[in-house]
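Annotated features in TrEMBL:
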- A:Cys57, A:Cys60, A:His61: heme c 1 binding site (BINDING)
- A:Cys204, A:Cys207, A:His208: heme c 2 binding site (BINDING)
- A:Cys340, A:Cys343, A:His344: heme c 3 binding site (BINDING)
- A:43-146: domain 'Cytochrome c' (DOMAIN)
- A:189-302: domain 'Cytochrome c' (DOMAIN)
- A:327-417: domain 'Cytochrome c' (DOMAIN)
- A:1-19: signal peptide (SIGNAL)
Amino acid sequence: MKKSLLTVLGVIVVGAAGAAWIATRAPSSSFDAVAASGAPSDDLLAHGEYVARLADCVACHTTPEGKPFAGGLKMGTPLGAIFTTNITPDPETGIGNYSLADFDRAIRHGVAADGHRLYPAMPYPSYEKMSDDDVKALYAYFMSDVEPVVQANKASEIEWPLNMRWPLAFWNVVFTDGGVYQAKTSKDEMWNRGAYLVQGPGHCGSCHTPRGVVMNEKALDESGPEYLSGAVLDGWYAPSLRNDPNVGLGRWSEDDIYAYLKNGRNQHGVVFGSMVEAFNNSTQFMTDNDLKSIAHYLKSLPANAESTDVAWSYDPATADDLSKDVADNVPGARTYAANCAFCHGRDGRGKNEWIPPLAGVSSMLTPQAESAINVTLNGSMRVVSNGVPDAYRMPPYREHLSDQQMADVLTYARSAWGNTGDAVTAEEVAKLRSHTDPASIDVIILQMR
Amino acid sequence: MKLSINNEVHDVEADGDTPLLWVIRDNLGLTGTKYGCGLAQCGACSVMVDGVVTRSCVTPIDSVEGREITTIEAIENDPVGKRVVEKWVEYQVPQCGYCQSGQVMAATALLRETQNPTEDDVAAAMVNLCRCGTYNAIHAAVKDLAGEKGGA
């Protein structure tokens, strides 16, 4: 009896010691033994700047009015709001004192130099796939070419005991893959480069992959069927990037994907919602080869097995009947004719690649109507391509249409021209109207991504 | 790019995404068409493309290549447009006049499509904004045109 008690005690002690070790250890870095080297070469700095574009660091680590990379952007988590940090090389308030190994631990392992764990709002489960070369170049860029900014980090609004960070070490054990991207020999070079960019620095899954109950992305690569299968975040539905014909990229060619990421638009649509930021700050700066590799990789992802969608095809009846629908007071038809048709067309086809179609686009076909509602309420952000702002932009209809009018017109558009999206209710519109009103007490702030 | 405007073909040097309104006003000097909101909300920039009322501020020129564009300058060459202008004069519709070329375009396009529009048809088609509030006069003129014997 005494002996078994001792055994149990022993197991507990060893277990606790192991757990404490996991919770407090600093993960090893491949740069631990690397001594600080001299001034970085121009090539290395250019490479680092490019990696910063790929990883779109600026999107979260900068506020709209703030200095680049000085942090301070508020992000929502289920536990309370957190703020992005200053990643400029200021020694006091930024990362100026970080060694390459410290930097690597933060980027790829989610551990800051003082040992505290980062929240996975920082996409280190994706960044850990980044190569040593890319991390090294990124470090050189941040240390040499980013302007130091003195700006203290803001404390998170998560309260004790939930603000303890050590449990994240266990989250990391369960929900990260562990390791740099390993090329698949069965695939060609282009596929591997695309997979690296999408899974690693590009962290596409942060928005496009659904998350589990503890905010973990349900898959981190193509081995999981839910990888990039679409998710709602920040009041937008980031659609599936798999090959489903209606809710995914099934009807897009590799050239279409390339054009979308390069120019922000193609015949299927124009970037809107959070994707505007990804385009403005990141994808348009990628090389043609990288963009084509991304397209190549995405087109290799199969449609969801349970997808029973019949591929959308255009039905001209709506365009022919619009005047009759207006006369017959079909709900939404008059609002469509007076507010939407001048740009998107009575035929729903938009105007070339400049004004997107509503016929056959995923926001009009997905069961999730968030993106359609949000863009109608709040309009679209400025798309800046090659330094030139777009000539045409969706205006906000927040003050113009009631919840019911907006629900009706979206229901009309989501069932017109062969579209098969579900009806939109006034309640759904009212909810998002409140969540996206800056004056509201329950406004949506950036979630993890 | 070649654009056919008021039955005349113009060779226009502009990018495909240039709004038609800019080309009409700035390149061709046809300033009867007005810039209002630039967002397809007000209708001041209305022209007709193949007889259908179109807001030129949100119309990239590469989407109207090869189609017939009619602006207010040529509206009286259209028999329906001519009658609309006559009624506009008879009812003394305009006040400041800024929105009126768009209003005339909207009325002409309506009456070309529907000879005897109902109240509902008129309400659905005449959605251009007017800061002076000439809506009652517009309504009276269009109602008169809508009831014309033998159609407008």
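Each residue, glycine too, has its Cβ placed from N, Cα and C.
Keep in mind that TrEMBL annotations are predicted by a computer and have not been checked by a curator.
Here the features listed in TrEMBL are placed on the structure.
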{"residue": "A:Cys57", "record": "heme c 1 binding site", "DSSP class": "helix"}
{"residue": "A:Cys204", "record": "heme c 2 binding site", "DSSP class": "coil"}
{"residue": "A:Cys340", "record": "heme c 3 binding site", "DSSP class": "helix"}
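Here the signal peptide (A:1-19) has long-range neighbours at 170, meaning same-chain residues at least 6 beyond its ends whose C-beta is under 8 angstroms from one of its own.
Between the CA atoms of A:His344 (heme c 3 binding site) and A:His208 (heme c 2 binding site) there is a gap of 26 Å, rounded to the nearest whole number. Sequence-distant contacts of A:Cys57 (heme c 1 binding site), defined as residues of its own chain at least six apart whose C-beta falls under 8 angstroms from its C-beta, comprise A:Phe69, A:Ile87.
Considering only the binding-site residues A:Cys60, A:Cys340, A:Cys343, A:His208 (heme c 2 binding site) has A:Cys60 as its nearest partner by CA-CA distance. In sequence order, the binding-site residues near chain B, meaning those of A:His208, A:Cys343, A:His344 whose CB lies under 8 Å from a CB of that chain, are A:Cys343.
Considering only the binding-site residues A:Cys60, A:His61, A:Cys340, A:Cys343, the residue whose Cα is spatially closest to the Cα of A:Cys204 (heme c 2 binding site) is A:Cys60. With respect to A:Cys207 (heme c 2 binding site), the closest of these binding-site residues in Cα terms is A:Cys60, chosen from A:Cys60, A:His61, A:Cys340, A:Cys343. Residue counts for the domain 'Cytochrome c' (A:327-417) by DSSP state, with H, G and I taken as helix and E and B as strand, are 38 helix, 6 strand, 47 coil.
Across the domain 'Cytochrome c' (A:43-146), DSSP assigns 44 helix, 6 strand, 54 coil. For the heme c 1 site, the Cβ centre of A:Cys57, A:Cys60, A:His61 serves as reference, and the other residues of the chain with Cβ at most 8 Å from it are A:Asp56, A:Val58, A:Ala59, A:Thr62, A:Phe69, A:Gly71, A:Leu73, A:Thr84, A:Ile87. Across the residues of the domain 'Cytochrome c' (A:189-302), the predicted structure has a mean pLDDT of 96. Scoring each of the binding-site residues (A:Cys60, A:Cys207, A:Cys340, A:Cys343) by how many neighbouring Cβ atoms lie within 10 Å, the top position goes to A:Cys207. You'll find the Cα of A:Cys60 (heme c 1 binding site) roughly 32 Å from the Cα of A:Cys343 (heme c 3 binding site). The two recorded residues, A:Cys340 (heme c 3 binding site) and A:His61 (heme c 1 binding site), show a Cα separation of 36 Å. Annotated pair A:His61 (heme c 1 binding site) and A:Cys343 (heme c 3 binding site), C-alpha to C-alpha distance, rounded: 35 Å. Here the Cβ of A:His61 (heme c 1 binding site) has 21 other Cβ atoms within 10 Å, regardless of which shown protein chain they belong to.
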